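First up is the structure itself, then whatever we jot down about it.
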Amino acid sequence: AAFATEDDKIVGGYECKAYSQPHQVSLNSGYHFCGGSLVNENWVVSAAHCYQSRVEVRLGEHNIQVTEGSEQFISSSRVIRHPNYSSYNIDNDIMLIKLSKPATLNTYVQPVALPTSCAPAGTMCTVSGWGNTMSSTADKNKLQCLNIPILSYSDCNNSYPGMITNAMFCAGYLEGGKDSCQGDSGGPVVCNGELQGVVSWGYGCAEPGNPGVYAKVCIFNDWLTSTMATY
């Protein structure tokens, strides 16, 4: 199966209710290449493997091919990968993007809270993105959503022996058929109103025994808050 790291697709999901994920952003460099999450008016969290030195952040989007009047396009002023990010095993796959000017918060653009604690296995979460849906009927230009449970460390480690660090968690369905995939990378996993995950990697898309792997945001709270306070 393909090693899906470059970008990641919602498979087996549904079109999100428009603007129901107002923290969701699209990272654009002439085209949509990754997702991200607005965490306050100045900062976006994404995946380190989505790194580009300059990026346009598109907020308030639902259909990324159509101008709907709700959008804000703001360029980055700095892009900061986690200092311990490893492209070899995709460890610490998290980064911060500072906006060149504050986002205007409104119905369409709202931050998501950073986690107050790590969500336990079994917690239901929503992952969203504009990736490839692998479906002829779903419109990938419209934001896709999927509800997935956080899996236990043992289920995660059994799926990917020796590859799961304490900076990762698995979520989804071991039987396959529903997953995040190419084009969703860097995007949000939101559980009970908190950003618990960033779409990171996996084998293939929605394949049995290969759930999605996500950066574990709760262990990065100190780095996120101190970095945002510094810059």
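Glycine residues also receive a Cβ, built from the backbone N, Cα and C atoms like all the rest.
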The residue that Swiss-Prot pairs with C34 in a disulfide, chosen from C16, C50, is C50
Disulfide partner of C16 per Swiss-Prot, picked from C145, C156, C170, is C145
Bonded to C191 via a disulfide in Swiss-Prot, from among C125, C156, is C125
The residue that Swiss-Prot pairs with C156 in a disulfide, chosen from C170, C181, is C170
Binding-site residues considered: E61, E71; fewest surrounding Cβ atoms within 10 Å belongs to E71
Listed in sequence order, the residues of the same chain lying six or more positions from V66 (Ca(2+) binding site) whose CB sits under 8 Å from its CB are N141
Counting every protein chain shown, other Cβ atoms within 10 Å of the Cβ of N63 (Ca(2+) binding site) number 14
Residues sitting within 8 A of the centre of the E61, N63, V66, E71 CB atoms (Ca(2+) site), not counting those, run R58, G60, H62, I64, Q65, T67, E68, S70
